[in-house]
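Peer 1: Structure in structure tokens, see below.
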């Protein structure tokens, strides 16, 4: 647990000790240029939705994870889009998931800043990443329909991917990926965000709980026959699943009245 | 609207343009030492709860504002606790409210850092603040029951206050104020936070919408007789009001299924 001038020691009995711990991981990540101020705001939004979810992984999220892993294992060219918060919060876990599923890691940043790409590359390398895409801006190509900084994608990565996993992604980016014909899997604690609503599969869960579970799911699922994996993927109902997450939140709020 | 390296121009048609604007105000505030990284996370949480509230001021919030203003106008020594986010987001509005109600402004910070107190003082002065408490640490006294940095309060301010308005405050602090016998009014977008649950009056609304409305309420209410103001204060039912905010959020989520 980090403990610098911005991060006084977290009392062990604090009702939000774990939440505070990851908040401080992000603050440290900002000092290392991995995380941006906007990334901290985004994390805060995630915290709030997680509170309303009861800080638990729902059955709906488990089902979405299974469908997501099935879609990734069935893909020809799956790519994981990594941003600053993902790299700061779960660097080892995202590398493990990449290795376990044969997905490529591509760094995709909304906010470019000198040294930022290198800092994110370094934390991924320190956690065992071998091949990392999105590092060479000279050979990157633009994805249509995006006016933001994050329009640039790697020709060997997201540009040619059939399935893209976007853990924590903004709505513009998610929509551009979908409009370009890719299958998009989102991890988003807000079931009503554009990213959550527009993606093909949305896992409404905390990244920190979710990715380790997805590593385990991938390990088991790889032993299954391709036909069975395809069945898991095809049986998933995105609208129904999103509604289940919303219902879970509604029930949580109702239990507090 | 700010536009520096962290803040690319916000497209006017962005569905969250206003939300992005205030996010960038806070990021600028961080560069000026007014806001801390944890303050950005807290703002993000607020954004999420505001989305679930439909980004609107509810009838419940209006009622809570009236009761809050009545309580402040009926108080002998009302004090407004100002933190970094409040100073960055609504410096002029909080000074106006202080002047309109005869409440004292006291700067209270969780995270101390060199220059931070001065930066917050400066933005309040630039927006018309005359008397500001909490500036002289040498004469500050400790409030019981608080282990955090923010245990220190001004002997002429919160320490001797009968009513304290805490726009954006953490649970530990709010509880310590209540345990020390003060009447506490919170502004908190999360109706389930400890601050919201433990305070005597909680306004579940966005500070940015709320404080200008409270300035107007104070202007009207000051023309009323003391007995009528007391009645407004005494008729307020905190538990019922918090439940109304929760019900509003539940209905918002239900409307999305």
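Sequential numbering from 1, following the chain as shown.
Just so you know, glycine gets a Cβ as well, placed from its N, Cα and C.
TrEMBL labels come from automatic prediction, so no person has curated them.
Taken from TrEMBL, the feature ATP binding site applies to B:23, B:45, B:188, B:189, B:190, B:194, B:195, B:206, B:207.
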Peer 1: Over all pairs within B:23, B:45, B:188, B:189, B:190, B:194, B:195, B:206, B:207, the annotated ATP binders, what is the largest Cα to Cα distance, rounded to whole Å?
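Peer 2: Greatest Cα separation within the listed binding residues comes to 24 Å.
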Peer 1: Counting across all protein chains shown, how many other Cβ atoms sit within 10 Å of the Cβ of residue B:190 (ATP binding site)?
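Peer 2: A 10 Å sphere around the Cβ of residue B:190 (ATP binding site) contains 22 other Cβ atoms.
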Peer 1: Including all protein chains shown, what's the count of other C-beta atoms within 10 A of the C-beta of residue B:188 (ATP binding site)?
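Peer 2: Result for residue B:188 (ATP binding site): 28 other Cβ atoms within 10 Å.
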Peer 1: Give the three-state DSSP assignment (helix, strand or coil) for residue B:23 (ATP binding site).
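Peer 2: The residue in question, residue B:23 (ATP binding site), is helix (DSSP, three-state).
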Peer 1: Restricting to the same chain and to sequence separations of six or more, state which residues have a Cβ under 8 Å from that of residue B:195 (ATP binding site).
Peer 2: B:166, B:169, B:170, B:171, B:173, B:174, B:186, B:188, B:202
Peer 1: Can you name the residues of this chain that are 6 or more positions from residue B:23 (ATP binding site) yet have a C-beta less than 8 Å from its C-beta?
Peer 2: B:43, B:47
Peer 1: Sort out the sequence-distant neighbours of residue B:207 (ATP binding site) for me: same chain, 6+ apart, CB within less than 8 Å of its CB, listed by position.
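Peer 2: Sequence-distant Cβ neighbours: B:46, B:85, B:86, B:89, B:90, B:167, B:168, B:187.
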Peer 1: Near chain A: which of the binding-site residues B:23, B:188, B:190, B:195, B:207 have their Cβ closer than 8 Å to one of its Cβ atoms?
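Peer 2: Listed binding-site residues passing the 8 Å Cβ cut to A: B:23, B:190.
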